[in-house]
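S.K.: The structure follows.
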Amino acid sequence: QETLTGKYGEDAKLIYELQDQGGELLALRYDLTVPFARYLAMNKITKMKRYHVAKVYRRDNPATTRGRYREFYQCDFDIAGQFDPMIPDAECLKIVHEILSDLHLGDFLIKVNDRRILNGVFAVCGIPESKFITTCSTVDKLDKMPWEEVRSEMVGEKGLSPEAADHIGEYVQLHGGLDLIEQLLQDPKLSQNKLAKEGLGDMKLLFEYLTLFGITGKISFDLSLARGLDYYTGVIFEAVLLQQENDHVEEPVSVGSVAGGGRYDGLVGMFDPKGRKVPCVGVSIGIERIFSILEQRVKASGEKVRTTETQVLVATPQKHLLAARLKLISELWDAGIKAEMLYKKDPKLLKQLQYCEDMGIPLAAIVGEQELTDGVIKLRDVATREEVRM
């Protein structure tokens, strides 16, 4: 449990906690980033690039229609090591862009911001440093609720002055590209703040690299992006699917964020007894969320999706031929061919062929008494109904 506590900020309330039979305090993993950082520190690894697909757990209110579960898969990609600024960060964004493009999920947008820029904004708006993290998690709600509600939470719950909140509002509602970065670098207040200036300098560099990768069309520098987690130290990003107006679906499916990530330079140091730091940047793809969109899309289009890769069904037309089917399927399996048969002693041929059609199995290998006598099998193309003897 202690591995996970103090790493997630306000999200910590979503961690599943439990005790084992010996009374040891345990928790189910909340993401794949913290375990990765612990692994690097334990094994004294200072450079690594890896992906990891596994389950994580959130004690959240599930909304299964939107792909929000309590137990779900994530796919993480991380680059750990001391490198020149923004090169690995740009690669992480390139990977997100590539995945979302290849999956044909429709239009998407990758929002990018930097914790240092955000903290600089808070500082010039006169917010005490002790309130940075809680203000952050409120700003992060801007994609779900209007500025008025976010403002009243800042003033009402987080205890910021109305002036400070309005001041923050002037910044966090901005979004754009290189032009906005240049504009903020000229901002008389922000440019005086060391953190914000660093962040904006890196952001400019990042956008130059993303331009070279040719992906800036889908990327927006968005000052409202905050990401609720504590461990981010620099660049942060989040990919959202943009709503398609769809004829088939009565109500449009909003799935929100399908990927997120950022730079977390301090996390490995938290696990290292000597506090040795390993800078890291990574991204997490919400597999389950993406699946729920793909499933809804398939449902709407009415097309059938094969659930198995079976290439051939071994079938028999008469009774008492189970032995022939078992011998043949064994040969096919040994040859590395994906084959199936019905688990019945004497299935009807029509039933077997119908199964091929239902499951989308392209071929049926039919072996009857005549075929056994002639030492052949009949191979049937299920779709065209053509048959050849072999």
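Keep in mind that glycine also has a Cβ here, set from the backbone N, Cα and C atoms.
Just so you know, TrEMBL annotations never went through curation; they're auto-generated.
Source: prediction; values computed, not measured.
Pulled the feature table from TrEMBL, pasting it below:
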BINDING   Asp31, Leu32, Thr33, Arg58, Gln74, Asp78, Arg227, Tyr231, Tyr232  L-histidine binding site
DOMAIN    51-317  domain 'Aminoacyl-transfer RNA synthetases class-II family profile'
S.K.: Compile a sequence-ordered list of residues in the same chain as Tyr232 (L-histidine binding site), six or more apart from it, whose Cβ lies below 8 A from its Cβ; state 'none' when nothing qualifies.
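M.R.: In sequence order, Arg115, Gly262, Arg263, Tyr264 meet the Cβ cut-off.
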S.K.: What is the Cβ neighbour count of Thr33 (L-histidine binding site) at a 10 Å cut-off, with all protein chains included?
M.R.: 27
S.K.: Does Gln74 (L-histidine binding site) have same-chain partners at least 6 apart in sequence with Cβ under 8 Å from its own Cβ, and which are they?
M.R.: Asp31, Leu32, Val53, Ala54, Lys55, Val56, Ser284, Ile285, Gly286, Ile287
S.K.: Counting across all protein chains shown, how many other Cβ atoms sit within 10 Å of the Cβ of Asp31 (L-histidine binding site)?
M.R.: 22
S.K.: Sequence gap of 6 or more, Cβ distance under 8 Å: name the residues on the same chain that satisfy this around Arg227 (L-histidine binding site), in order along the sequence.
M.R.: Cys136, Asp140, Ile236, Glu238, Gly260, Gly262
S.K.: Could you tell me the maximum Cα-Cα distance in Å between the residues recorded as binding L-histidine, namely Asp31, Leu32, Thr33, Arg58, Gln74, Asp78, Arg227, Tyr231, Tyr232, rounded to a whole number?
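M.R.: So the maximum pairwise Cα distance among the L-histidine binders is 21 Å.
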